[in-house]
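I have placed the structure first, in the form of structure tokens, so that the comments after it can refer back to it.
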Amino acid sequence: MSLVVSKTSSGREYKVKDLSQADFGRLEIELAEVEMPGLMSCRSEFGPSQPFKGARITALHMTIQTAVLIETLTALGAEVRWCSCNIFSTQDHAAAAIARDSASVFAWKGETLEEYWWCTEKALDWGPGGGPDLIVDDGGDATLLIHEGVKAEEEYERSGKLPDPDSTDNAEFKIVLRTIKEGLFVDPKRYRKMKERLVGVSEETTTGVKRLYQMQANGTLLFPAINVNDSVTKSRYKYKTLLFLHLFDNLYGCRHSLPDGLMRATDVMIAGKVAVVCGYGDVGKGCAAALKQAGARVVVTEIDPIWNKDIIMVGHMKKMKNNAIVCNIGHFDNEIDMLEGRLMNLGCATGHPSFVMSCSFTNQVIAQLELWKESNLALSTKLTPEQAAYISVPADGPYKPPITGTEEEEGRGCGAEWSSGYSLGCLFVDFPLLWV
């Protein structure tokens, strides 16, 4: 596919597979809106005041459900540029509808890795005025690109050294470094201008949140972030009478989307098969329940701590029966020993159902509103020695110990420590924004 940006009659940029699918996409978007009451309520409550007027938002993941999120953000006044978070997950008719009607989109199903990072760059490219004001990230890729870009620009300015794609064995990170390297010859301050303009990011996934916490811990997080993944309506903890949405999103979402992906991809009958579920967190529980309900005999494997990479290797595959189906749903693309892999419920199906995603994406809207409205609350200065001594804490933190105790207590906080850089907040729908 030729990587050339197209424009609508109104001048909005896009790159999608087939714009003629827009009418089909619009029909499915209208169906999804019925199943996404949280987002529709955001439109009715916040739409008249246009709180995002003047805001530029870049985000990842292009499906029917994210199309409803996009049009919620635009209904609240935002200008939006969007791309995919996954080379296999784009729903082309959704991308076509949004590109025609609502926002700039750079996404199509079956992208190569090079195309994927081209699309991510385009979603971040707002012209000479810098990058986006806000990012809705999924897996942390937009955040990663900006951080690596800033690091490379600072090194290039200091020493003249360029990023070296051969310095890593990771095929995808090679492309990231090559992308940044080529960009340095065009604008050696591009990513630093993005950093200066950016108000903050809200992150959707466990993988992306882990990346953010790592950056917070080593003091390299460049801008405020809200951890939407562990907000109260996505957390597995109970507080009062609420059942929080980690159960809903991960457990019940995967109960729906795992068999959906298996059946769409293979048409193999699940009943009578032996299904091995590696891991028994919220995702594993949902998968085990779905497979059992479909008639499989389910075997669960687990260790402590929970597995996260290099789980099924070539040696395991050699011992499997002919035509065994191996797939990944819970984390990323490094759990199975193969060159390129993605979550099967997105690659083979369309992910979680609309009602599940309404809860997650309503959190995203609230998080974006808080970042845009309350950006002055972000920790960006250090305590003076006198201030630190007054409350008996180190000037560089940590300022509060991790929250521990019962599940009810943990449901009230994220348990994170402050860092000397920007900190990662958790969003609570029944509390004001807390920077933890």
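Sequential numbering from 1, following the chain as shown.
Positions of Cβ are set from backbone N, Cα and C atoms, glycine also.
Taken from TrEMBL, the feature substrate binding site covers Thr63, Asp138, Glu204, Lys234, Asp249. Taken from TrEMBL, the feature NAD(+) binding site applies to 205-207, 281-286, Glu302, 329-331, Asn345, His352. Among the features that TrEMBL reports, domain 'S-adenosyl-L-homocysteine hydrolase NAD binding' is placed at 250-351.
Cα spacing between Ile329 (NAD(+) binding site) and Glu204 (substrate binding site): 16 Å, rounded to the nearest whole number. A Cα-Cα distance of 14 Å separates Glu204 (substrate binding site) from His352 (NAD(+) binding site). Cβ neighbour counts within 10 Å, taken over all protein chains shown, single out Thr63 as the most crowded of the binding-site residues Thr63, Thr205, Thr207.
Figure note: comparing Cβ neighbours within 10 Å for the binding-site residues Asp138, Glu204, Asp249, Asp282, the maximum is reached by Glu204. Here the domain 'S-adenosyl-L-homocysteine hydrolase NAD binding' (250-351) returns a mean pLDDT of 88 for the predicted model. Each residue contributes its Cα atom, and for Asp249 (substrate binding site) and His352 (NAD(+) binding site) these two points are 8 Å apart. The number of other Cβ atoms within 10 Å of the Cβ belonging to His331 (NAD(+) binding site), over all protein chains shown, comes to 20. Compared over the binding-site residues Gly284, Gly286, the count of CB atoms lying within 10 A of a residue's CB peaks at Gly286. Separation of the C-alpha atoms of Thr63 (substrate binding site) and His352 (NAD(+) binding site): 10 Å, rounded to the nearest whole number.
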